[in-house]
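I have placed the structure first, in the form of structure tokens, so that the comments after it can refer back to it.
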Amino acid sequence: MTPSAASALVEKTPLETYVPPAKPSLIGLSRAQLCDRLGDVGVAPPQRKMRAQQLWHWMYVRGARDFSEMTNVSKEMRATLAEHFTVDRPEVVAEQISADGTRKWLLRLPSGGDGQKAHEVECVYIPETDRGTLCVSSQVGCTLNCAFCHTGTQRLVRNLTAGEIVGQVMVARDRLGDWIDRETPNGNRLITNIVMMGMGEPLYNFDAVRDALLIVSDNEGIGISRRRITLSTSGVVPNIKRTGDEIGVMLAISLHAVRDELRDELVPLNRKYPLKELLQACRDYPGASNARRITFEYVMLKGVNDSLDDARKLVQLLKGIPAKINLIPFNPWPGSNYECSDWDQIEKFSEYVFNAGYSSPVRTPRGRDILAACGQLKSETEKLSVRERNALRAMAMTD
């Protein structure tokens, strides 16, 4: 298989760096950083920790959107905070609701300083009978060029800040009424799980992703357990161990091939970090056990990686790793060179892997009709034409 021009590059370079606005948001700051910002506006050292805890509670427990809501903070302090800061999160530009209940939000990030353009990202809420999962983005665009992924065709504009990542969770909670003492207008369904599987490669934005997930998992705030947060990477090997040590969330690997020559084409990052290095990093992942298995994501591509020989090789590769295998039917998008494997072939592949002792669920495609399924996200900064959108919807309806 000859690599396409689009996938020839292993990584893309960001077109921009983030420039903070003149009045920055406090969303995404650690407690220590909040104390520093309070010091910047004249709060005395003995009061900073207490004030920071008040802000933390209002932002992450009650979802305050304005300092005026913070009724146990003095009027003078609220005025000072409002003069210098905001608690803004991204703006909802559009909301789409799939026939299966999946929701996709197009979010406009606050524009930065020096006239920096406001950019857009997407996040997706997936309701299920026993959980509600939010798929969160880490970059505007993506560093990588995975051949089967729509997001990978987009430019990498810039990394998101910790505040912009946390802000996606807060927007979803706003829309779902998922804050304490709030009405729940959308069926009383709560966000119980977070997956870092939206736009971008999280481990190429490690510091911001780490800081955001530590806030999201803080039990005095949003409080989503680290065991209910999954970070998916295409294999940035040097940061895999750091993920376990510094964040402690569940790990997922976008594997998709069992031979280096094929993975070089599907996931060009493999040329930098080949399978042997990637799988060793998984064996060494801190905290991995039968109770905390690593998920290996495997998109099923017709005639490419879906043979029983591929299944046998997959089982061999994962020997010694506490693992489960998530088989993903390929989600079509206009211009893609791939097709989804036939369902009977997916079932045979799954059965072989299951009989070898690995959990191998087939992911149910969700939100295809609104371009919200795995591999379909692409922000409005890289708009689809009407023809492309109609073509994609037609493909979704024929599955």
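Every residue gets a Cβ built from N, Cα and C, even glycine.
Database features, via Swiss-Prot:
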{"type": "ACT_SITE", "residues": "Glu122", "note": "active site, proton acceptor"}
{"type": "ACT_SITE", "residues": "Cys374", "note": "active site, S-methylcysteine intermediate"}
{"type": "BINDING", "residues": "Cys142, Cys146, Cys149", "note": "[4Fe-4S] cluster binding site"}
{"type": "BINDING", "residues": "Gly200, Glu201, Ser232, Ser254, Leu255, His256, Asn331", "note": "S-adenosyl-L-methionine binding site"}
{"type": "DISULFID", "residues": "Cys135-Cys374", "note": "disulfide bond"}
{"type": "DOMAIN", "residues": "128-371", "note": "domain 'Radical SAM core'"}
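Here the Cα atom of Ser254 (S-adenosyl-L-methionine binding site) is found 10 Å from that of Cys146 ([4Fe-4S] cluster binding site). Reported as a whole number, the C-alpha separation between His256 (S-adenosyl-L-methionine binding site) and Cys142 ([4Fe-4S] cluster binding site) equals 18 Å. Closest in space to Glu201 (S-adenosyl-L-methionine binding site), of the recorded positions given as Glu122, Cys135, Cys146, is Cys146, taking the CA atom of each residue. A separation of roughly 15 Å, to the nearest angstrom, links the Cα atoms of the residue listed as 'active site, proton acceptor' and Cys149 ([4Fe-4S] cluster binding site). Most buried of the recorded positions Glu122, Glu201, judged by other Cβ atoms within 10 Å, is Glu201.
Neighbour density for Cys135 (disulfide bond): within 10 A of its CB lie 28 other CB atoms from the protein chains shown.
Comparing CA positions across the binding-site residues Ser232, Leu255, Asn331, the one lying closest to Cys146 ([4Fe-4S] cluster binding site) turns out to be Leu255. Looking only at the binding-site residues Cys142, Cys149, Ser232, Leu255, Asn331, the one with its C-alpha closest to Cys135 (disulfide bond) is Ser232.
Of all Cα pairs drawn from Gly200, Glu201, Ser232, Ser254, Leu255, His256, Asn331, which the record names as binding S-adenosyl-L-methionine, the longest spans 19 Å. Geometry remark: Leu255 (S-adenosyl-L-methionine binding site) versus Cys149 ([4Fe-4S] cluster binding site), CA distance 13 Å. The Cβ of Asn331 (S-adenosyl-L-methionine binding site) has 26 neighbouring Cβ atoms from other residues within 10 Å, across all protein chains displayed. Cβ neighbour counts within 10 Å, taken over all protein chains shown, single out Ser254 as the most crowded of the binding-site residues Ser232, Ser254.
Among the binding-site residues listed (Gly200, Ser232, Asn331), Asn331 has its Cα nearest to the Cα of Cys149 ([4Fe-4S] cluster binding site). Taken residue by residue with DSSP, Cys135 (disulfide bond) is part of a strand.
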